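Participant: To start, I am sharing the structure in question, which I have written as structure tokens.
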Amino acid sequence: SEVVSFSFTKFNPNPKDIILQGDALVTSKGKLQLTKVKDGKPVDHSLGRALYAAPIHIWDDSTDRVASFATSFSFVVEAPDESKTADGIAFFLAPPDTQPQKDGGFLGLFNDSNKSIQTVAVEFDTFSNTWDPSARHIGINVNSIESMKYVKWGWENGKVANVYISYEASTKTLTASLTYPSNATSYIVSANVDLKSALPEWVRVGFSATSGLSRDHVETHDVLDWSFTSTLQAPSDDSN
């Protein structure tokens with residue numbers, strides 16, 4: 001079987017194994033800061049993404065097999081005005097040559113003109129766009145900015161959120177959970193996702209985030225740590 005596994009307890013300010021896109025950078029303290037901060041304050045119209053450098057084999061056409069994976073990370077979203085937040089952060093899988101898309105509500109993952117962008121994402125969405133439910137939510141997105149499944153999210157300003165996302169290939173189940181250790185609340189959402197029809201055989205995995213498009217709807221998006229493991233079974237693994 002093919003196994004990819006990596007873990008960052010913090011990030012290197014000059015990362016060799018992370019591709020930074022847009023405004024993303026690693027701070028001197030080892031935080032992955034996806035959107036821009038100036039004089040300690042988040043900036044509007046910011047878009048940043050970070051990808052693990054090595055492409056990952058997510059399914060194999062010759063054997064018809066699909067990988068299972070699990071990832072966990074911690075992040076903080078902090079807003080100067082907690083009644084005005086935008087726009088959110090996502091974990092995503094996309095083709096290896098993936099580039100930042102539209103900012104604002106499109107979370108750097110999608111745009112309104114190209115409807116065929118191959119991207120599977122779990123979004124932590126802090127602003128209700130026209131296509132969104134009316135509250136902050138955690139959504140599963142398959143080749144669309146509109147979530148196919150979502151759960152309401154009681155976002156906590158400036159608090160560390162622990163996320164665990166898993167994909168079980170045998171049942172095609174993508175599950176995401178978010179927990180706030182500070183008040184022991186948690187949220188879970190899952191959906192049936194066929195990675196083989198949604199994505200190419202090889203992908204890159206990573207994060208994308210955008211701040212709002214007006215000066216008063218802004219927030220920070222910082223990833224503190226990240227681990228990931230995927231396993232693509234070889235045909236011989238179960239021949240007997």
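A Cβ is built for glycine as well, from the same backbone N, Cα and C atoms used for every other residue.
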Participant: Which residue among N114, N183 does Swiss-Prot mark as N-linked glycosylation site?
Facilitator: N183
Participant: If you count, for each of the binding-site residues E123, D125, D132, the other Cβ atoms lying within 10 Å of its Cβ, which residue has the minimum?
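Facilitator: Across E123, D125, D132, these binding-site residues, the one with fewest Cβ atoms within 10 Å is D132.
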Participant: Translate the DSSP assignment of H137 (Mn(2+) binding site) into the three-state scheme.
Facilitator: strand
Participant: Just jot down the residues in the same chain as N183 (N-linked glycosylation site), at least 6 apart in sequence, with C-beta under 8 A of its C-beta; none if empty.
Facilitator: E156, K159
Participant: List the residues in the vicinity of the Mn(2+) site, defined as same-chain residues other than E123, D125, D132, H137 with C-beta within 8 angstroms of the site's C-beta centre.
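Facilitator: My list of surrounding residues reads G88, F124, T126, F127, S128, P133, R136, I138, G139, S147, Y150, W153.
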Participant: Quick check: with D125, N129, D132 left out, which same-chain residues have Cβ atoms within 8 Å of the centroid of the Ca(2+) site Cβ atoms?
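Facilitator: The surrounding set, listed in chain order, is D87, G88, G105, E123, F127, S128, W131, P133, H137, G139, I145.
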